[in-house]
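Taken from TrEMBL as is:
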type: TRANSMEM; residues: 36-54; note: transmembrane segment
type: DOMAIN; residues: 43-485; note: domain 'Major facilitator superfamily (MFS) profile'
type: TRANSMEM; residues: 128-150; note: transmembrane segment
type: TRANSMEM; residues: 156-184; note: transmembrane segment
type: TRANSMEM; residues: 196-217; note: transmembrane segment
type: TRANSMEM; residues: 223-241; note: transmembrane segment
type: TRANSMEM; residues: 292-313; note: transmembrane segment
type: TRANSMEM; residues: 333-352; note: transmembrane segment
type: TRANSMEM; residues: 359-378; note: transmembrane segment
type: TRANSMEM; residues: 390-415; note: transmembrane segment
type: TRANSMEM; residues: 427-449; note: transmembrane segment
type: TRANSMEM; residues: 461-481; note: transmembrane segment
Amino acid sequence: MAASSDENGRISRNEAKPLGIRFVEHARKSSIKFRTYQTIVLVLTFFAYASYHATRKTTSIVKSVLDPEPLKSGHSIPISSYLKYGWAPFNNADGTSLLGKIDVAFLSTYSLGMYFAGHLGDRSNLRIFLTVGMVGTGIFTSLFGAGYWLNIHSFYYYLVIQMLAGVMQSTGWPSVVALVGNWFGKTQRGLIMGIWNAHTSVGNITGSLIASAMLAYGWGWSFVVPGLLITFVGLMVFLFLPVTPEAMGVEEEANDYPGVEKLTSPLLTDRIIPKTNDRPVGFMEAWRIPGVAPFAFCLFFSKLVAYTFLYWLPFYISHTKIGGIYLSDSSAGTLSTLFDVGGVLGGVIAGYMSDRFDARAIIAASFMYCAIPALYLYRTFGSISVCWNAGLMFVTGMLVNGPYALITTAVSADLGTHSSLNGNSRALATVTAIIDGTGSVGAAIGPLLTGYISTNSWNNVFTMLMVAALISGLLLTKLLISEIWSKIQESRLNLEYNTIPRSFVPSEVV
């Protein structure tokens, strides 16, 4: 059936609905409710981005197999065995730096692609855009693993594949944040997105467990299985994901969260002015939105820390004596998931606290400052035993991922619907891309530097991470002071109001 359109040439609401949604409504013989659409959006975007991270995590698990570093560190194992378990060109003396280059190639194209992805996302059908990115990610992730069966030993093959995978991955974050922002207002946004943002850690954990389990069958499977997984989820997105309430022909139900007041923010303004235009926001215009630049550069250093752990933690664990022994690659990959388990809790706590105290900058900066001693303690005492390592890793993951989760979700959505946009709804993907794209530059630099610095000393790596956490917190100083001053003023007004005799308060106020 041909698509019908209105006088402006836009596709009708029914035709804009995904095939799966139309099939469900036809089978039920009734329309889907607004709250059900919200649930569908949360579930699908959760699994969509979790699958992105599952494919992203595999490289860190396989590193120790491609470059079996302990075999080059004084272990009395024949060189023939060393070559057997390594994979050229990564099992040579410069293997660690080559793996670092692979990481930075992926993250460079990812961060650069993010800026374009946000621009395109605000100008295209997000469902189609996200589907293409997910299927493309699945293809290139699988092609990296195919090098195992095709016996490919060219460094440039893996470099190019990772660069193309980075381009495909860049479609994910601006799309899912924009979709959630389309369906959820600012009521409890920090808490909702804090819980929803567990997809990052769930994806990392899933990717770690799958990749670790598949190592027994050959490292190629550690890439192919996550690649097939994201392709399947991408097809579900194509069939069922609703983009906007307008396209689905539904309106937000009253009392969406009964008994909960809409929270306000002195920095990011609390209300969205009724829509006056729907013109896509330009790149430089989005940069000028108050709060975008400081949070973007804060995320630069925050993601530098988070992604260094993402790409190098299993490698670090397997190459560090814990309780006097080296853990196997599979055990190291499994143990590293505790960093992401802590990240789930950190994201929820940061989101809840930012809603509870109405202070995004204060919470983000506080977490980053607390991450500094946590990083020091993990490096210093993490080698005592597996229990010490696990506990300190959990706390470090909670403090590192808390602000990372808060900035990339609730803060991005707040800024993408800032009052200065005069209700323009077509800025979410662009603003999200600017913030996360800038952060992804830091995410590329961290693993790259780690590949070089770690060959000399892991102590220097952790020093780099502590300095990055400090700078990340300092970048929010102006916003933090503004929030504190706003709280002081608010408390002063409340105190003055409470000291006024009741007889002087107008009856309509009482």
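Each residue, glycine too, has its Cβ placed from N, Cα and C.
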For the transmembrane segment (359-378): best-contacting stretch of 128-150, 196-217, 333-352, 427-449, 461-481, by Cβ pairs under 8 Å: 461-481
Segment proximity, the transmembrane segment (196-217) to the transmembrane segment (36-54), 3 or more C-beta pairs under 8 Å: yes
The transmembrane segment (461-481) versus listed stretches 156-184, 292-313, 427-449: most Cβ pairs under 8 Å: 292-313
Contact set, same chain, for the transmembrane segment (196-217): CB under 8 Å, 6 or more residues outside the stretch: 42, 45-58, 60-62, 65, 180, 223, 225-226, 229, 310, 314, 329-330, 333-334, 336-337, 339-341, 343-344, 347-348, 351, 397, 401, 405, 408-409
Range from 156-184, 223-241, 292-313, 333-352 with most C-beta pairs under 8 A to the transmembrane segment (427-449): 292-313
